[in-house]
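In TrEMBL this protein carries:
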- A:CYS347, A:CYS407, A:CYS410: [4Fe-4S] cluster binding site (BINDING)
Amino acid sequence: MKPKTIIEKIWENHTVLSEPGKPDLLYIDLHMVHEVTSPQAFEGLRLAGRKVRRPDLTFATMDHNVPTTNRQTITDEIAKKQMETLLKNCEEFGIEVADINSPNNGIVHVIGPELGLTQPGKTIVCGDSHTSTHGAFGALAFGIGTSEVEHTLATQTIWQSRPKTMEVRVNGRLAPGVTAKDIILAIIAKHGVDFGTGYVLEYTGEAIRGLTMEERMTICNMSIEAGARAGLISPDQVTFDYLRGREKVPQGEAFERKVEEWKALATDEGATYDAVVEIDTSEIEPMVTWGTNPSQGVGVNGVVPSPEDATSSAERKAIEQSLEYMDLKPGTKMTDIEIQHVFIGSCTNSRLSDLRAAAKIAKGRKVKEGVRALVVPGSQRVKKAAEEEGLDKIFIEAGFEWRESGCSMCLSMNPDFVPEGERCASTSNRNFEGRQGKGARTHLVSPEMAAAAAVAGKFVDIRTLETEATSQS
Amino acid sequence: MEPIVKHTGNTAVLPRVNVDTDQIIPKQFLKRVERTGFGQFLFFDWRFLKDGSDNPDFELNQPAAKDATILIADHNFGCGSSREHAPWALQDYGFRVIIAPSFADIFYNNCFKNGILPIRLDEEKVYELMENGKDKVYELTVDLENQTITDSNGFQASFEIDDYWKEMLLNGWDEISLTLQYEDKIAAYEEKQSV
């Protein structure tokens, strides 16, 4: 039999219909729903008198709008209405929801894996572009628009053209002080903000195999920042060990039978891709972005580039526009850029290991005067686990604000934002204009780099800090 | 959904690369539970000054771009967030056609569901259209049936589009109704896979 990639295997397992002149009709195993991109979809169902076909394969949470201080008093009336609408819709259509008071509440891409809803071989959709996160488990997971949310609710399927496949090979081992976040930022910086458009990415190579599940999620999360709707990693023992015993996976022997099925999903030896890109870990330093898209980043010891470095007129224009918005001059050392805000959180970097890594840097140090630093756990479970380890105390002692879970300052739909003209070192995924607030200037970094920036008030190479973190990857 | 067969309209030129959906519709406008009324917020942070007045430098505020229904954009248009509020805002503002050298995948799909025709065209052709439409009223005719773009001065280009999406737009079909015709196939799949 012809060797196949995991992408082809999952696709073929889920094709309900494949006819010439049409995209394929794909079955969806898990549909995750949140408050912002679903109200119009439910309203559409109601107007057409339709039901949710498989409420049992649908799971809802609220994350984008939720306040991270007092969760019981939502002052934003429109946000409140959106959350109430979700609750009403879930009740009417019989969908399980992790509401604001649930111990399972959190960012949709944090709780899916945490609960074990996310599993190898599944097709997963959500009205959110960072759904690619779930690919870390060897699932085919991608973001959809609200019309597709409605379509999935009504039919449990989606029309999709068969994507091209791309191998993204990360060669070598990760050097100390370099993180999963740096790998993905370096890949996007090297290959461009849209190199993945039209493709599903599979991350392979020694460096990827050596990553924990949480680190793999950070990588897959940002596939969309390369233009790829989905990015995944073939499942292995690390994946199975993470999932064993979680609430929504089969238990006992049934789980071990599943593992045997999942093992067969991994890309076959000798399978080929439509395209291959590579990066060597020796090229990767702790990264900092300087611009207004995630590909505009350099190693922390680098400098802000010049429009003169551009290879096309379009790129030159993009650099000029970014530098103007970011108020940066070409040639400025990244380590000379001062920041006023730090955000540790988001579906990219808000899991327990992210908080541990940041806490290692924060421990025994103080946030620089004039810097506001927020730590926003990805879920209520992450928050609880972190508090059990005393991470909250380390952060508070160091002068960080310890918050409730949610999307928070990643997109600032809730009350957390960066004021106009100020700079933020952020562990989130997008440095777009206005993303963290109108006129706010975002620099994307790893949790370690963010914590170090909070202490120094500017970017520092974490490899120069004396801490336990520098001896670990 | 309103069908598109042949559309003639004025163009607006937006020569910026990587225009993300956060720019098309900033997050503060995503809290509505309706599908309509987003046009007033389109490109909000670029379109308006702090005091709420029109930003005279922004491309869509140029006199020639007023009443435009065809947007000529640059590479990777619509990247970033999956928010369908972006095509809702473009459509509500009045755009029916967007022409660019490349689009982000999710945005591209979202357009078809909302009666907007996104056209991928060679970079040179797009830049030629941008030049033609720069600072003046410039009318184009987009013929979906024949997959052509023409102007009154002899410009002509043809474009590719998936047959499936073409049919949807030509007929203004509701995709869910179409899918439900295959209900037996979906049920058979569920049975076979025990899902």
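In case you wondered, yes, glycine gets a Cβ from its N, Cα and C as well.
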Among A:CYS407, A:CYS410, the most crowded of the binding-site residues [Cβ within 10 Å]: A:CYS407
Residues close to [4Fe-4S] cluster site centre defined by A:CYS347, A:CYS407, A:CYS410, Cβ within 8 Å: A:ASP63, A:HIS64, A:ILE107, A:HIS109, A:HIS130, A:GLY345, A:SER346, A:THR348, A:SER350, A:GLY406, A:SER408, A:LEU411, A:SER428, A:ASN429
A:CYS347 ([4Fe-4S] cluster binding site): tally of other CB atoms within 10 A of its CB: 27
